[in-house]
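Input: a single structure, listed below in structure tokens.
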Amino acid sequence: MPEKRVLVESLVVFAVALCVHRAVWDRFSWCALALAVQAFYVQFKWDHLLRLGNAVFRFRAGANSGLLPACMVAPLLGIVMKERCGAAGMVYFERLGLVVSSSGMAIALFLSVIALGVTKPTPTNTCVLSGVAGGLFVYTAKHSLTVSEVIEVLEVLLIFVYLSMVLLYLLPRCFTPGEALLVLTGISFVLNQLIKRSLNAGESKGDPVDFFLMVVVVGVVLLGLFFAALFFFMDSGTWVSSMFFHMMTAVLGLGVIMPWLYRLIRRNPLFWFYQFLSQTQRRVYLLSYWVLLAASACAVVLYQNAKRASGSKKHQASTVTRKYFHLIVVATYVPGLIYDRQLLYVASAVCLGVFILLEYVRFFTIKPFGHWLRHLLSLFLDERDSGPLVLTHIYLLLGMSLPVWLFPRPCAPKGALPGAGALAHYAGVLAVGVGDSVASVCGSTMGEIRWPGTKKTFEGTMTAIFAQVIAVAVILIFDPAVDLNASYAWILASITLVSLLEAYTSQGRIGKGRTWAPSRQTWCRVSSPARSGPFAAGCRSETLHRGEETRGQ
């Protein structure tokens, strides 16, 4: 059954790649199709390694590698970006799309070589496919990229390799191979772009909003690596360590991140940020509205924990309660997309930085809020949080924000993107906010017919498709900038493919109604027996919470 599920997942990914190939008929789309074929075969090699426990790093249990869909994201995204911006006459972003696509293809080829190198005996057919895909990629890069762009692709690949060795060692059981590929590729590309723009800060000109997200992402990642290296040798749960954490966060933020941002935007970041937020009355109203929604989300968390404390049995948040947060996020993003996308861009970047900083506080058990955050979030843990990090809320934010970050403003010089591309900003709202929520709620409450080989139900998927179609109609009513131009067939096909992929993907799914409660040994073996830092103390605390939740079921 798992093999059938992976096959259907792969068919959906191939359908998406063929749709892009039909719209964009050039050598890059042919190269992406060749990479999809070789990634399909390599994925089964990775799955075999995961089942045997022979992978170099420890990935999250209960899911396949997810290598094929992850390998296709960056190449297809770059191809679409190149086509859209090229048609609009924006040469810089057209070339950037080529770099994005080439970087994704290079990383996918690198992972295929790694998988073939550790597979015994070496599969001859897969080697031939990888060689053909690699040769086609080299031919495509030779005839499409300049020397400087080739160097940039190699830089992204080098950063990816080093980050993989560091983060996957420090954070076992947090990712599947596919998730790690997506996260590390994004961080590698952002870091490379930030270094490039910092070195050319005297020549480059751009909107400060364009630099804000890059500085936030790189800043919090470097901050986490610094504290991970520091607390590897000391206990982070003491007051002395906690005070040092807060002090060094302020020092690195004000002494490194702020000057870095000042060099890029050529003005005081704090003054710019204040002026940006208070620029119009509409922004003040939006911010006030978002503060109220954030307060309501915090109230739900506190209420659910109060029910757990007062109940005779151990209380666990239901699927409906979890999807309430999806509803709050949809209510947050839709007004921002309609009225002020740049404000939403900056606000979502700030939320990402805050979420990651709070996760550092929880993970390292930084006083005075570390243990309190562990207790509050333990109620909402699920099988995707089987490692030392709690990533569900961060993944929700990323899923909603990525379309906004990728298209901070229309690609065309005037107006919005034509046709189906006008809904590009709403992709996260439709797929994650509406589709995933409706599928989970309806599937868990009234689903009876299950898709073969999965725990997902036919009723949940069909309801999700119908809800997304209704959401598109509502968007057309309230957002005059969206004009589908008779692209309804493309919209329906896209919604159907995304819903089917969600139904058949095995990334982070163990089973309906089950709580993933790993033993301490599953992800705490990274630390030595003599260690007393957060990697050991955090394991003991987190295992206690997860054990209580499992007994409560």
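Cβ atoms are placed via backbone N, Cα and C, with glycine included.
The feature transmembrane segment, as given by TrEMBL for the ranges 135-155, 345-365, sits at 345-365. Only sequence-distant pairs (6 or more apart) were considered; of these, fewer than three Cβ pairs between the transmembrane segment (211-233) and the transmembrane segment (484-504) are under 8 A, so the stretches are not in contact. Distant neighbours of the transmembrane segment (245-265): 197-198, 201, 208, 211-212, 215, 219, 222-223, 226-227, 236, 272, 357, 360-361, 364, 366; these residues of the same chain sit at least 6 beyond its ends, with a Cβ under 8 Å from one of its Cβ atoms. Recorded stretches compared: 12-41, 285-303, 345-365, 386-406, 484-504; the one with the most Cβ pairs under 8 Å to the transmembrane segment (92-116) is 12-41. Stretch with the most C-beta contacts under 8 angstroms to the transmembrane segment (458-478), considering only 12-41, 324-339, 345-365: 324-339. Long-range neighbours of the transmembrane segment (324-339) within the same chain, counting only residues 6 or more positions beyond its ends whose Cβ lies under 8 Å from a Cβ of the stretch, are 282, 286, 289-290, 293, 296-297, 300, 347, 393, 396-397, 400, 404, 425-426, 428-429, 432-434, 436-437, 475, 478-479. With pairs at least 6 apart in sequence, the transmembrane segment (386-406) and the transmembrane segment (12-41) have fewer than 3 Cβ pairs within the 8 Å limit; the two do not touch.
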